[in-house]
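Copied over from TrEMBL:
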{"type": "REGION", "residues": "1-20", "note": "region 'Disordered'"}
{"type": "DOMAIN", "residues": "19-116", "note": "domain 'FAD-binding FR-type'"}
{"type": "BINDING", "residues": "Cys252, Cys257, Cys260, Cys268", "note": "[2Fe-2S] cluster binding site"}
Amino acid sequence: MVEHLHRAGTSPETLADPMRPRRYRIAHTRQDTRDTFTLELEPTEGPPLAYRPGQFTMLDAFGVGEVPISISGDPARGGPLEQTIRDVGVVTHALITAPVGTLLGVRGPFGTSWDVSLGAGGDVVFIAGGIGFPPLRPALLELISERDRYGRVVLLYGVRTPEDIIFGDELRSWAHDHGIVVGVTVDNGQHAWRGKVGLVTQLIPRAGFDPRNTTAFVCGPEVMMRFSAAALADRGVRPSRIRMSMERNMKCGVGLCGHCQLRELFVCVDGPVLTYDRLAPLLSSREL
Ligand SMILES: Cc1cc2nc3c(=O)[nH]c(=O)nc-3n(C[C@H](O)[C@H](O)[C@H](O)COP(=O)(O)OP(=O)(O)OC[C@H]3O[C@@H](n4cnc5c(N)ncnc54)[C@H](O)[C@@H]3O)c2cc1C
Ligand code: FES
């Protein structure tokens, strides 16, 4: 287990006892959309959590249960731990409705990173679907902090309705202040929506980037990631330069229980971020 965690670059505090949750207090809860909330968490003791973009924690709503949630904050800022959570079930509901001041358990950070700097010197494409956007946010913020190391940067983001857009103000400022080409599309656009309607994969063929010199980061529902990765590969992006974040049921987060197994991979330690060349044979063996 320790070898797995070393390979994933796990911090020394977590290595000491990865199953022991640290206590964090909810300092602030922000409602992002009708069903998505960002918690800001502060440790009751010790330094803030150091993490790399793409990593996740196991968040424990004491007495209810523990779930894996990606970190959505700015890795360079060192403030409260930010985690953006969609209300889909028992534990996520308990987390987003817990009052400010509530104590939660936090284990981690666990897993592999986006390694966004692999894209330096070339173009970079981010493709996000729904709640897949928050896990990409730390990678975007890291890239923006060294914007001149990258060529053209494109962010394609698909959501169900305009009301489901998360971090909308940030999208505008990234486009305006940092030259990021942002394309947003919705499944259902009614009334005042004047933007694109359709699947995020439909934006890929027309997005301006040099496929031979592009690194792509994809996060969202599995079917969306499969089609996005295939569309990127069709345009000529090398599968080894397409990175995706996989979701599987997780219990331990540290390679012990086998809940997250995907053939020979343990997604909690070999992932969640994995390259398309490694994933393609595993994904294509499953039905949509
Ligand atoms: C590495 C990783 C990172 C994640 N990051 C985020 C994040 O940043 N924000 C966020 O909102 N969610 C994230 N998730 C998904 C989150 O863990 C699940 O939504 C959560 O476990 C659901 O628990 P629940 O008790 O609220 O719902 P349940 O009552 O357990 O289930 C409700 C619904 O969610 C589905 N579900 C349950 N567990 C998972 C799972 N692990 N993955 C996908 N679907 C699941 C069930 O099939 C059911 O349809 C992540 C999952 C993983 C593995
Ligand atoms: S969650 Fe236990 S092995 Fe991955």
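Keep in mind that glycine also has a Cβ here, set from the backbone N, Cα and C atoms.
Everything TrEMBL records as a feature, shown here on the structure.
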{"residue": "Cys252", "record": "[2Fe-2S] cluster binding site", "DSSP class": "coil"}
{"residue": "Cys257", "record": "[2Fe-2S] cluster binding site", "DSSP class": "coil"}
{"residue": "Cys268", "record": "[2Fe-2S] cluster binding site", "DSSP class": "helix"}
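Among the binding-site residues Cys252, Cys257, Cys260, Cys268, the residue whose Cβ has the fewest other Cβ atoms within 10 Å is Cys257. For the domain 'FAD-binding FR-type' (19-116), the model gives a mean pLDDT of 96. The domain 'FAD-binding FR-type' (19-116): residue composition by secondary structure is 9 helix, 44 strand, 45 coil, according to DSSP.
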